[in-house]
Amino acid sequence: MEVCRCHHGYLISLLLFLFHSETACYPLGKRPCEMQAFRIWDVNQKTFYLRNNQLVAGYLQGPNTKLEEKIDVVPIEPHAMFLGIHGGKLCLACVKSGDEIKLGLEPVNITDLNSSKEEDKRFAFIRSDSGPTTSFESAACPGWFLCTALETDQPVGLTNTPQDAVQVTKFYFQQDQ
């Protein structure tokens, strides 16, 4: 019986091709992954919704549950992604204004963003999973994390003190069915 003598690189490539993860898509030239919708809520069970063109986190009940915003995701690297809402037409961005850094919503089509363009880096977030929860760090502003306030119906923002007890940086992040 003759043993196949192929390079390990080919075997590894074949295995990666056969057993890839949808949430860890990797671009090969043009981005092969399509936009996916996710539900997001913080560890205090506050969901995201839009109020006066601002993304806020609060407790939605009864008929208000339909106001929940799904997060549109386009993976750009194994743990980096563009985040948007409204079918990917409004994108979350790390906005620098002087010494201030804040979360913004910009009217940009998420599928038009390009991870190799420096000006699009502000829309990229790095996903870190820790058990059942996920945190999102800005790629453009390292050390700044997506956060919610402890109080309900407050704007979703960014913080550079993720261990601070007045900000929530841990989220449940689940693909929408």
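Cβ from N, Cα, C; glycine included.
Under the heading signal peptide, Swiss-Prot lists 1-25, citing sequence analysis as support.
Cys141 (disulfide bond) falls outside any helix or strand according to DSSP and counts as coil. The Cβ neighbour count for Cys141 (disulfide bond), using a 10 Å radius and every protein chain shown, is 17. Summarising the annotation, Swiss-Prot assigns disulfide bond to Cys91-Cys141 and lists similarity to another entry as the type of evidence.
Residues annotated as N-linked glycosylation site in Swiss-Prot: Asn109 (among others). Its Cβ placed at the centre, Asn109 (N-linked glycosylation site) has 13 other Cβ atoms within 10 Å.
DSSP classifies Asn114 (N-linked glycosylation site) as coil under the three-state reduction. Residues annotated as N-linked glycosylation site in Swiss-Prot, with sequence analysis given as evidence: Asn114 (among others).
Neighbour density at the Cβ, taken as the number of other Cβ atoms within 10 Å, is lowest among the recorded positions Cys91, Asn114 for Asn114. Note: the Cα of Cys91 (disulfide bond) and the Cα of Asn109 (N-linked glycosylation site) are spaced 7 Å from each other. A strand conformation is recorded for Cys91 (disulfide bond) in the three-state DSSP classification.
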